[in-house]
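What Swiss-Prot says about this protein:
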type	residues	note
BINDING	Gly10, Ala11, Gly12, Lys13, Gly14, Thr15, Arg127, Val136, Tyr137, Lys199	ATP binding site
REGION	30-59	region 'NMP'
BINDING	Thr31, Arg36, Asn57, Leu58, Val59, Gly85, Tyr86, Pro87, Arg88, Gln92, Arg160, Arg171	AMP binding site
REGION	126-163	region 'LID'
BINDING	Cys130, Cys133, Cys150, Cys153	Zn(2+) binding site
Amino acid sequence: MNLIFLGPPGAGKGTYAKRVVEKYIIPHISTGDIFREAIAKGTELGRKVQDIVNSGNLVPDELTNALVEERLKQDDCKKGFILDGYPRTLNQAQALNEMLKKMGKELDGAIYFEVDEETVVQRISTRRVCSKCGKVYNVITLPSKVEGICDDCGGTLIQRDDDKEDIVRSRYRVYIEKTSPLIEYYKNQNKLFTLDGRKSVEEVMKILFNILGGFEKK
């Protein structure tokens, strides 16, 4: 089962991916993880990524595509995978099609967790993180027992700069602008499945598992 997860920050992709991984025993792959792994291993591609990251530039499509292809050839991807954060561009989407074709595979579906701007702002701007242990809270949906204090270690809960409202709005708008062509691309290929990411995790998972059940019957 070969999947792409699409959705703005705060859509819950990580939560849904975790549940799918547990059920289907397939890896959840993000480009960030791929970059970190390549750098840690000190491979030739990893060294190139390290140089680019150190210089403050974005990793070009060609290098990202090569690293993704290398990752998808690993044994744990034989039964399938979830790609998160890739593809980000039409160029990358076309490259993914080509690399899967070479491997004798195809994409089963691009799952788009659609969430409006106000919901994303509410979810992320109410997030708090322990400055000591990194545990994540939410002042509305997952508050600590004592306001501003971590339940586990007693550390101070802080709001990360990335979680502040103006930054969240900017990130959301950039994501929608960049992702719109991808949504159309996968819609035209009849690969797009749009889920209402405003619903509860359980409601979304029920619909998602129904979709994935259809892929299993192929």
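Here, residue 1 is simply the first one shown, and the rest follow in order.
Cβ coordinates are placed from backbone N, Cα and C, and glycine is handled just like the others.
Close to Arg127 (ATP binding site), meaning Cα to Cα within 10 A, are the following binding-site residues out of Thr31, Tyr86, Cys153, Arg160: Arg160. Recorded residues Asn57 (AMP binding site) and Tyr137 (ATP binding site) have their alpha carbons 32 Å apart, per Cα-Cα distance.
When the binding-site residues Gly10, Gly12, Gly14 are compared by the number of other CB atoms within 10 angstroms of each CB, Gly14 has the fewest. Applying DSSP to the region 'NMP' (30-59) sorts its residues as follows: 22 helix, 1 strand, 7 coil. Here the binding-site residues are Thr31, Asn57, and the one with the most other Cβ atoms within 10 Å of its Cβ is Thr31.
For Cys150 (Zn(2+) binding site), the nearest neighbour among the binding-site residues Gly10, Thr31, Tyr86, judged by Cα separation, is Gly10.
Sparsest Cβ environment among the binding-site residues Val59, Cys150 (other Cβ atoms counted within 10 Å): Val59.
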